[in-house]
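Among the features that TrEMBL reports, signal peptide is placed at 1-17. The feature domain 'Peptidase M12B' is assigned by TrEMBL to 195-427. The feature Zn(2+) binding site is assigned by TrEMBL to HIS361, HIS365, HIS371. The feature active site is assigned by TrEMBL to GLU362. Look at TrEMBL and you will find 511-537 tagged as region 'Disordered'.
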Amino acid sequence: MKRLNILFLVLIPYTLCYKLFEEFDSDDTEIVTVEIDSSSINIRNRRSEEIDYPRLVDYKLSVRGKDKRLHLTKTAHLDRDVPMYQMSSDHNLKLHQSSRRMYATYQDSDSGASILLQCDETLPSCNLYGGFFHEGEHFRIQPHSQGSQHHRIAKTTRPMVAYRDTALHDDAHSKGRPLLHDIINKRALSHGNNHVVEILVFLDDTIYDFFLKISGGNEEETLAKMKMYYTLIANDMDLRYQSLSDRHDKFKVDIMINGFVFSKTLDGFPWIPKYLVGNNIYDAENAMKLFGQYQYSNREYLPEFDHAMQFSRRDLAFYEDGWQSDLLGVAFKGTTCSTPSLAVSIIEDASYGTTGQTASHELGHSLGSSHDGAAGCNDDKQYIMAAFTAQSTKKVARHMWKMSECSSDAIYKYLNRLGNHVCTKKNSFSKTEYDKDHGLASGGQVYDLNSQCKLRQGINSFVCRVADTTICSQGIFCKIENTNYCQRILAMEGSDCGQGKICNEGKCVRQSKNSSNRPLSLGDKKPGLLESVPRNP
């Protein structure tokens, strides 16, 4: 197997772009123009000149004449820049590194929202990309024009496709893959049950060509959009995997991207041209086996990862009385951590509406889950691990973003029975780095008291004056819009409670040297504070 050669660093300046989903241009897609209320966002610049996105963002928009509010929380573990490599036709690896990243991913589990937020301090509004649920239907969203509050949304349609991967998964043991019986009785020694699946993303020449086309031939913008789009796909996957905690308390699986590898040419990824079986169609199963061998033999040249996932816009095919191309993805069952040479999957990127689900489905197989029907659950309920996809109905729409009881149990048992062999707890980053990512700046250090009121009560709200520093235990009072009353809300952790003091676990304490030391916005003479206002308890 030919080894990789890493060449040189190429700096790619970031290009602001507003179009990310080609299918929004389709004449038969329902398009709705919406206005985004982003006035509560306080974007700050880091010293590195990257934008410092807040932990919480609140958006309000109109969908089919009805108000919709998104309460977004930043996906902390995806808020990191990762390397991007180009694989050439002679299998040399060239490292690209963007000089500036101006986006962050967010989730709202209540509305099933997965959003990539892109801001620029020179523009009046931020761009939103992604999707959300509204009244039982899923919608995609992207800007109508750059830096405008007007966005376009379209209802997501899903093709009826069967996952033709059962035989590939179920007979994996008979094809020489080691069984897990030698480690089944060992238990994990870590104190928690938090897992991070680190994914190395491979993007073939059809992906590059697609984004080059919608970027008008601009290569810098092409690479920026590829990175943005598949970071959003990872956010879609992560939102789905958060549902594992619904069934197993204190069990958490996060999805993280550790790097991107892309090719501009067909022969950049050798497992594809070898198994082409028709016009833009290739044998997915055999290509995946070669892909597994290739990534395994070259791991020393690549970022550390648990699972390698390749995306393509070619048709994936399997052989059954001729080549059949109604295939969305393939993966080996139960290979992540246990068999690194087979911890791979290949995903057909048919459209944004299906790719996140397919990627989540195939990773679920690699984490030990069978199809729902084979495990005793009902495929018709259309959870992530259903054996087929069907047109969405309001009754099952949210199921497509959740794991069933069967798949939740399977993944839980698989990761726990690996014991000391579980790679998802042996991450390439330090525990301190992970904790820092998930803690970020405390909410109260991102939003002052007035901003907290605006987030909860509306843009015209502000904090009502109080004379003491009990806000950490009793909360703050916020002006209710269009009334003469104030409403109590809980103050965010890290809120200012006195000069040089912040809220910490319900107490007002002296802040550390690393905390901000901004002027207290409580009980002073600044405009926007009420001297005396009736309160609602």
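Each Cβ is built from the backbone N, Cα and C atoms, and glycine gets one as well.
Confidence in the domain 'Peptidase M12B' (195-427), given as mean pLDDT, stands at 91.
Each of the binding-site residues HIS361, HIS371 was assessed for Cβ neighbours inside 10 Å, and the highest tally belongs to HIS361. The local packing around GLU362 (active site), expressed as other Cβ atoms within 10 Å of its Cβ over all shown chains, amounts to 25. Separating the Cα atoms of HIS371 (Zn(2+) binding site) and the residue listed as 'active site' is a whole-number distance of 10 Å.
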